[in-house]
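Enquirer: Heads up, here are the entries from Swiss-Prot:
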type: BINDING; residues: Ala12, Tyr13, Ser14, Gly15, Gly16, Leu17, Asp18, Thr19, Ser20, Ala40, Gly122; note: ATP binding site
type: BINDING; residues: Tyr92, Ser97, Asn128, Arg132, Ser181, Ser190, Glu266, Tyr278; note: L-citrulline binding site
type: BINDING; residues: Thr124, Asn128, Asp129; note: L-aspartate binding site
Amino acid sequence: MHTKDIKKIVLAYSGGLDTSAIIPWLKEHYGNCEVVAFVADVGQSREDLEGVEQKALRSGASECHVVDLREEFIKDYVYPVLKTGALYEGSYLLGTSMARPIIAKAQVELALKVGADALAHGATGKGNDQVRFESTYTALAPQLKVVAPWREWDLRSREALLDYLKARDIPTTATLEKIYSRDENAWHISTEGGVLESTWNASNKDCWVWTVDPEEAPDEAELVSVMIEKGEVVGVNGKVMSPYQCLEALNILGVKHGIGRIDIVENRLVGMKSRGCYETPGGTIMMAALRGVEQLVLDRDSFKWRQQLGLEMSYVVYDGRWFAPLRRSIQAAAETLAADVSGEVVLKLYKGQVTAIQKRSTNSLYSEAFATFGEDEVYDHSHAAGFIRLYSLPSRIRALNSKE
């Protein structure tokens, strides 16, 4: 890439150490180009956003745009994935993975608006995020150039980044003592690095940011009612709210009771394994509530296919293919399956556990008359004999043939 060809870059900016260093680095290495900082508000800590515009300008940005994406993030990105029941490798609720496409999409929109000719991000060359950002850029604005400083510069350590900023009199709150890498949005917070880099080290209290240690959570369980309409959470404890408000309400309860902690080793798209501690309190409660209604409403084959959709969706989202046709197809199928998934679930929150203890739906296929262990007048037990004979016919034929 010819650096002189780039006049204006829109950078996905967080205000952290890496992106604070990227602003002056871009100006130094790309012909003193103009750098516009873009900050996506996806529900991260308000402290992270406080003063972020001034910080970007002090680092050398010509402008800083903070865009509120919270409601859109939950409604148009989290809910479609939740509807499929997607869990990457069986446990990860895809908090970071779902946030990247909406951030990159809004970044592209700003770049087109301000007349930029390039996009930049602070993802490292080891991680998945570089793929997620750049796949979105390519899908939405292939004409824009892409700059990935971590794949170009020689600043390979936290100490080097701090020295780089100090030499240019750019203030930062980062220190060498902040050894963990974290990503936060309304759905979750992840912690990587530090003691977690050895899988033989147990996580410690510094690895958990939001949630109360389940052992220190209240000794008394708390009940919460969640309302579902067509596979989406629409209310909490009888109050109808927006998707983001529902998540906020459930996050508060989940944090209090230590809900939604996982400590996992996952397979990254780029080939290596990584370890992280993830906290998804409200999302874990939402998933349990949705599963409760699905158990009532979906027949056996429908539920099996919903599971298949969730498995495939988990890889599509994790791998950064949000804007691929396959994601849209999976989402369309999930919405069809969720058309009757409406109802109410009461869940018990207690020391890290969430349990659905009551559930109801006007579309329920559960029939107490058929399911009872007591005497009933609707189910003829003798009918089972013919069903079993036909169901097991292949096994019968195989056994008979083996004796010949």
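Glycine too: its Cβ is placed from the backbone N, Cα and C atoms.
Describe the structural context of each listed feature in the structure shown, including burial, neighbouring residues and relevant distances.
Expert: Just so you know, the Cβ of Gly122 (ATP binding site) picks up 21 other Cβ atoms within 10 Å once every protein chain is counted.
Counting every protein chain shown, the number of other Cβ atoms lying within 10 Å of the Cβ of Tyr278 (L-citrulline binding site) is 24.
A sphere of 10 angstroms centred on the C-beta of Asn128 (L-citrulline binding site) encloses 20 other C-beta atoms.
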Enquirer: Per the record, L-citrulline is bound by Tyr92, Ser97, Asn128, Arg132, Ser181, Ser190, Glu266, Tyr278: how many Å separate the farthest pair of Cα atoms?
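Expert: Taking every pair of listed residues, the largest Cα separation comes to 19 Å.
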Enquirer: Within 10 Å of each Cβ, count the other Cβ atoms and name the one among the binding-site residues Ser20, Ser97, Ser190 with the highest count.
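Expert: The residue with the densest Cβ neighbourhood is Ser20.
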Enquirer: In whole Å, how far is Thr124 (L-aspartate binding site) from Glu266 (L-citrulline binding site) when you measure between their Cα atoms?
Expert: 17
Enquirer: Under a three-state reduction of DSSP output, how is Glu266 (L-citrulline binding site) classified: helix, strand, or coil?
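Expert: Where Glu266 (L-citrulline binding site) sits, the three-state DSSP reduction gives strand.
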